[in-house]
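All remarks here apply to the structure that follows.
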Amino acid sequence: MIMFCVQCEQTIRTPAENGCSYAQGMCGKTAETSDLQDLLIAALQGLSAWAVKAREYGIINHDVDSFAPRAFFSTLTNVNFDSPRIVGYAREAIALREALKAQCLAVDANARVDNPMADLQLVSDDLGELQRQAAEFTPNKDKAAIGENILGLRLLCLYGLKGAAAYMEHAHVLGQYDNDIYAQYHKIMAWLGTWPADMNALLECSMEIGQMNFKVMSILDAGETGKYGHPTPTQVNVKATAGKCILISGHDLKDLYNLLEQTEGTGVNVYTHGEMLPAHGYPELRKFKHLVGNYGSGWQNQQVEFARFPGPIVMTSNCIIDPTVGAYDDRIWTRSIVGWPGVRHLDGEDFSAVIAQAQQMAGFPYSEIPHLITVGFGRQTLLGAADTLIDLVSREKLRHIFLLGGCDGARGERHYFTDFATSVPDDCLILTLACGKYRFNKLEFGDIEGLPRLVDAGQCNDAYSAIILAVTLAEKLGCGVNDLPLSLVLSWFEQKAIVILLTLLSLGVKNIVTGPTAPGFLTPDLLAVLNEKFGLRSITTVEEDMKQLLNA
């Protein structure tokens, strides 16, 4: 059987077809796993439909609320490639749905849910049979009837909500829960399960998802800073230190904290990778002296870089790609919702097996000459610099701020972001976040009267900090955010980037430039609508874009 998936930037796009629709997607996901993820999403939509009904009776099931976004997160790009675990999530979704349904019926014997996913049952234990069942839920199954524009808007909402679900799970791990957010999530998820076909309603839904995600990012920020302190500027070594070692990748700061606690005094050093880099800025994480540095570059280079790393690797969230290519599948471990067939999975927070493996390996034989980069410009630090920024602008020392961030990826066109960063004039500042920073974060940019010209605000979810800074600057200057000498140049790859974009648009931020390509699910008509409403456009050339943005 074949798949249909168009959720990430590397999806197949030719004049003849749009989306991965073969035995395997460009990310390495098999048709089986992709189809079973469609089945899981349908089961989760049915679960959300009953969660909405339950709230009408005052029933709030926290097991349902915590499980639903977490399981949805498993379908995000480069997270879980393990078909049996995907089916396990679907079975758990149905079991939770039936329990919730029973709670509703106990209150009202006539309780019913009008949703096509509300009574979904898996037809078999056989993966092949389940894959055939999943064909009923392929996202483009009614494309001929509804057209490409409606399909594209459905997918914009589905993928945006998927990105928000990932942030909800990150926040939940840190003890953050907001009933209003979960109620809104279930309402949207259930509605998408009805296969809506009204263009205006779908556009409104996409903005609702963006607004909801702003609240999600707020509680995630509260969770991270509440547990680990507010990030402050910190130098991080990106070269090797002699000794045994573990590499930890992803976004989960709690996993990193637990690993640091458990490795303390063992002689094993810990390195961050990818989106874990901003962890070095948090006081409660950097206090561990054996958190010695950051290793590697963008996630797309992991098959080469992980093969060279002389210790075990822990993946806490996206992004994982085929570890058999570099033959390190025997020393990569997955956590939480991450999965790869044949790779060892850590069900809990006990890293002793990983530590034991690290102690058996050689580690780095010598320390390299340090190369230090600076991270840790969190929300509090950024707000503390607001008056300095305004003063520099008023004295014409600072002409413009570029928010240059987002996802990294493998396309050669992404060199645009390196070229853009190095072309930014000396009287302008670069604010960056997410893994797109690896395109330029080891370059030297100097400063403006002591203020670094490259300011690393953190992970992708730390777009929240950048938004708060922009709002604060606008308030202090008595203008709107769109009137600031501020331009957003964003790179996208997967669904977290999609929901960040929806968040910005829902807040009224205009004239965002994105690349390296437009999402495959957005038709020319939809791109025209977004351009007309928000001024959203794709990158062109560095020279043209720089000229236009500086003169805006």
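The first residue you see is number 1, and the count goes up from there.
Including glycine, each Cβ sits where the backbone N, Cα and C put it.
The candidate list Cys205, Cys460, Cys479 contains one residue that Swiss-Prot assigns to the hybrid [4Fe-2O-2S] cluster site with His251, Glu275, Cys319, Cys407, Cys435, Glu494, Lys496, namely Cys460. Cys5 ([2Fe-2S] cluster binding site) sits 16 Å from Lys496 (hybrid [4Fe-2O-2S] cluster binding site), counting Cα to Cα.
Between the binding-site residues His251, Lys496, Lys496 has the most other Cβ atoms inside 10 Å of its own Cβ, all protein chains included.
Candidate binding-site residues: Cys8, Cys20, Cys27. Nearest to Glu494 (hybrid [4Fe-2O-2S] cluster binding site) by Cα distance: Cys8. Minimal Cβ crowding within 10 Å, among the binding-site residues Cys5, Cys8, Cys27, Cys407, Cys435, is found at Cys27. Sequence-distant contacts (6 or more apart, same chain, Cβ under 8 Å) of Cys319 (hybrid [4Fe-2O-2S] cluster binding site) comprise Thr77, Asn78, Val79, Ser249, Gly274, Trp299, Gln300, Gln302, Glu494. In sequence order, Met3, Phe4, Cys5, Val6, Thr11, Ile12, Met26, Cys27, Lys29, Ser34 make up the list of same-chain residues 6 or more apart from Cys20 ([2Fe-2S] cluster binding site) whose Cβ falls under 8 Å from its Cβ.
For Glu275 (hybrid [4Fe-2O-2S] cluster binding site), applying a Cβ distance below 8 Å and a minimum sequence separation of six or more within one chain yields Ser249, Gly250, His251, Trp299, Ser317, Ala434, Cys435, Gln459, Cys460.
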